[in-house]
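Worksheet for the structure shown next.
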Amino acid sequence: MSDTPSLTLSALLARRDWENPVVTQWNRLAAHAPLHSWRNEPSARDDAGSARRQTLNGLWRFSYFTAPEQVPQAWVTEDCADAVAMPVPSNWQMQGFDTPIYTNVTYPIPVNPPFVPQENPTGCYSLTFEVDDAWLQSGQTRIIFDGVNSAFHLWCNGQWIGYSQDSRLPAEFDLSAALRPGQNRLAVMVLRWCDGSYLEDQDMWRMSGIFRDVTLLHKPETQIADYHVVTDLNAELDRAVLKVDVTLAGAGFADGEVVFTLWRKGEKCASVSRQPGSAIVDERGSWAERLTVTIPVETPALWSAETPELYRLTMALLNPQGEVLEIEACDVGFRRVEISNGLLKLNGKPLLIRGVNRHEHHSENGQVMDEATMRRDIETMKQHSFNAVRCSHYPNHPLWYQLCDRYGLYVVDEANIETHGMVPMSRLADDPRWLPAMSERVTRMVQRDRNHPSIIIWSLGNESGHGANHDALYRWLKTTDPTRPVQYEGGGANTAATDIVCPMYARVDRDQPFPAVPKWSIKKWIGMPDETRPLILCEYAHAMGNSFGGFAKYWQAFRSHPRLQGGFVWDWVDQALTKRDEDGNTFWAYGGDFGDKPNDRQFCLNGLVFPDRTPHPALYEAHGPQQFFTFTRVSTSPLVIEVQSGYLFRHTDNEVLNWTVARDGDVLVAGEVTLAMVPEGTQRLEIALPELNAGPGEVWLNVEVRQPRATPWSPAAIAAAGSSGRFRLRSLLLRQPRRRAAVLTQTDRILEIAHRQQRWQFDRASGNLTQWWRNGVETLLSPLTDNVSRAPLDNDIGVSEATKIDPNAWVERWKAAGMYDLTPRVLHCEAEQHAGEVVVTTQHVLEYRGKALFLSRKVWRIDEQGVLHGDIQVDMASDIPEPARIGLSVHLAETPENVRWLGLGPHENYPDRKLAAQQGRWTLPLEAMHTPYIFPTENGLRCDTRELVVGMHQLNGHFHFSVSRYSQQQLRETTHHHLLREEPGCWLNLDAFHMGVGGDDSWSPSVSPEFILQTRQLRYTFSWQQNP
């Protein structure tokens, strides 16, 4: 839609374009590849700045209104008296205006498409700027808005220029006729809601404003309007043809010539020129303004995420005198994407997608993404074995794709379409009135991004059901770009609108037979009749808070079933926003913290990294199963380890394998071997072991691959994609020498045992160890008690929408059974003096409303060394849900500086999330033992521990543990991490059993059966001593 006469503000408002799904723009220029109009070839070749691009980022003037009708007519030509400075790009909600709203599924406005509320927050921006006088003499001056949420009208010097919507793709307008010498004034009226908001119901914060770059671009009268590159490889991949289609514009294009030059590392590879005019395409002739060239390339360096080899293509438009009018340029990656034999392949090899979903989110800047944050995201992803990213759920900032090209990441580029809150979800997708809007969101994305080699898959959007509009857009995509597959999950991931079976949150082995959209287990799915497509999970492993359990199980399936080709973890970063409390201190806020209604509370906290991009423990776990190296013990005598490279295209030219053999964490022997493997190759290593019978303890072999030299995405000596493995070699026990006997003293109220400088006190009324003195100093702040519950995880809560409670969720079952309100009752508490030791036996029943849920029998033995030995048996009622844990809890008086342990570490790990942890002897500061999840939950566990030292306390056995300044009760009752208050001493939780955290999703019970207590009786032992 174009060439509409200039209208008054009141006339534009009366027309209400923002409530008409057929109207998506007025006067917006056609979509195209990014343009720069360089003046010389070296600048274009080197991707230097272009003098014909002028940024308008900076401080604009801004006035806020609660509805567009409140904007005065005079604002079009002059600022309002209350105008303030507003940074561009930014979201105005992050600058103190209006309220950010977080919802997952629920629309933030009443559902009545295409209409939006009368109260429609409106931001009025203005900027005074100047342009080069030469720009006014000839050529075309455009303005490019890379992202405005959600719709806007544009004026220049009081003249209405046009209108646009679609928050995530550029809106470009021709300003030439409106510009004048000296100062010029832009006015942009941005509406928070428009009919397009019904297509933008993504799981994210709903914010507004000019949140991406604003740029002026000057083009000559005769110009390159667009270009499209395609690389074609022969079967042997040793010869390629670069095909380039160019579209020219302007009155004189017919007399022009385009010179194409292909560069690699600054050196010219090939050059060819062509005049405009295509081959005849139909009975009416040819495209006069188009031209096509093909450039053969011998032995091309191929692009992949592992080897992001890039060429540079420059396209110089010359006038009849041979003078350069302008040059456009882009990176070129030679690669072939295809689906054949049921497999997604790149350059002939089946891919294994180590992917993650990524929202554009910044805790302080909202949806504004700067280059440094983009680079940090990519570098962190690659350092943790990720090779792919899904742009969930909209086209990203244009710089993102260039960085993915250059660093090496496979990209799923996704259209800005989601109608999750509609009932049914497919309501708009099956309505032809919404086809134009949906179509522009797909076609314009492709026209902007199709030259990027990193983009290997197009996506039609997310969670919008399945309708005829999807089928139409799928066919357009397959016709326009046959070089890439298309994926779309809506309608059950099994429709004709997708080349890939791409379900979300399908389980490895368990079916979810939902009506109309069943989710079969992924192993079953690829074996369904007539199903020949690859399966790649568009979302899986929901990393909400303390989650990500069972991730390794997916990777066991991916590695053993070729057509299970990986997936995209949900998701990259916790979508929390920085907020200040009443005292001016900053904290990370989630849904509802801004008074936003509706909201879905902490459901925005699903990241592998915190908002500041520091890692969650789950990131390390992702690092492990999807690593590029796997290790197999081939034989034990001699000890031979085989290393398998998962690189498809890279030789191991920067990898060394470090190995250590350690007894109880103490290194016995170590070595290093340079790896020299071809892609997908193997290498065997024989390790000469020392004599292992010389002492007690467990002996482990740890292996790890490191990269000695720095890479573009990692520093030197980093663990190569976290590639590590561990193998138990031997376990022996040590007998302790005999020393002085412990002495028992009894009264009606207490049992007291003394051994040298130590005294233990058991209270007969409670049956608990209530105090432990050393040198007369109390070391306990609470009794040692049974512990069967945990501060609920998000996965335990099992609520995907804050207004709904799932009675099948673990926490609801535990609450109903009374596990958070147990009353212990002592049945037995007696002690006996033996020759060298004292034995205390106790028996407790843990009751809820008079019903016995647990029976705990304990035998405490204090031996000649002053060591407390515990032998505990716990029996459970047959009709109660399986508990979160079985163990003990105590509040220690000491606040140690460090915690030391022998077991899995160093980071937090849980029974179903411990593959990336290493066996070793670890030391961490006490504060590092706590994981600061924004929504407080159970955290900080370390598994498979054999020795623990917390200050003077040393515990031995085989157990899991956590040490924290915060009690489980405080964690359970606190809504935000910054509200936690450190308690004196520290809390020690000692677990014989701890249920997995789950994570297949966060709204249904997802802990695998093997990580749920399978027996109704559990016995465990440990020893505890205090060291001077």
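All residue numbers here begin at 1 and follow the chain in the order shown.
A Cβ is built for glycine as well, from the same backbone N, Cα and C atoms used for every other residue.
According to Swiss-Prot:
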| type | residues | note |
| --- | --- | --- |
| ACT_SITE | E463 | active site, proton donor |
| ACT_SITE | E539 | active site, nucleophile |
| BINDING | N104, D203, E463, E539, Y540, A541, H542, N606, W1003 | substrate binding site |
| BINDING | D203, F603, N606 | Na(+) binding site |
| BINDING | E418, H420, E463 | Mg(2+) 1 binding site |
| BINDING | N599 | Mg(2+) 2 binding site |
| SITE | H359 | site 'Transition state stabilizer' |
| SITE | H393 | site 'Transition state stabilizer' |
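Comparing the recorded positions D203, E418, E463, E539 on other C-beta atoms within 10 angstroms of each C-beta gives the minimum for E463. Neighbour density for H393 (site 'Transition state stabilizer'): within 10 A of its CB lie 25 other CB atoms from the protein chains shown.
Here H542 (substrate binding site) is positioned 19 angstrom away from E418 (Mg(2+) 1 binding site), judged by their C-alpha atoms. When the recorded positions D203, H359, H420, F603, N606 are screened for a Cα within 10 A of the Cα of N104 (substrate binding site), the ones that qualify are D203, H420, F603. If you draw a 10 Å sphere around the CB of H542 (substrate binding site), it holds 24 other CB atoms from the protein chains shown. Counting other Cβ atoms within 10 Å of each Cβ, the lowest count among the binding-site residues Y540, W1003 belongs to W1003. Each residue contributes its Cα atom, and for H420 (Mg(2+) 1 binding site) and W1003 (substrate binding site) those atoms are 16 Å apart.
Cβ proximity to the Na(+) site centre (mean Cβ of D203, F603, N606, cutoff 8 Å) flags the following additional same-chain residues: N104, M544, W570, D571, Q575, D600, C604, L605.
A separation of roughly 15 Å, to the nearest angstrom, links the Cα atoms of Y540 (substrate binding site) and H359 (site 'Transition state stabilizer'). The subset of recorded positions (H359, H393, E539, N599, W1003) lying with their Cα within 10 Å of the Cα of D203 (Na(+) binding site) consists of H359, H393, given in sequence order. When the recorded positions H359, H393, E463, N599 are screened for a C-alpha within 10 angstroms of the C-alpha of H542 (substrate binding site), no residue qualifies. A count of other CB atoms within 10 A of each Cβ picks out H359 as the most crowded of the recorded positions H359, H420.
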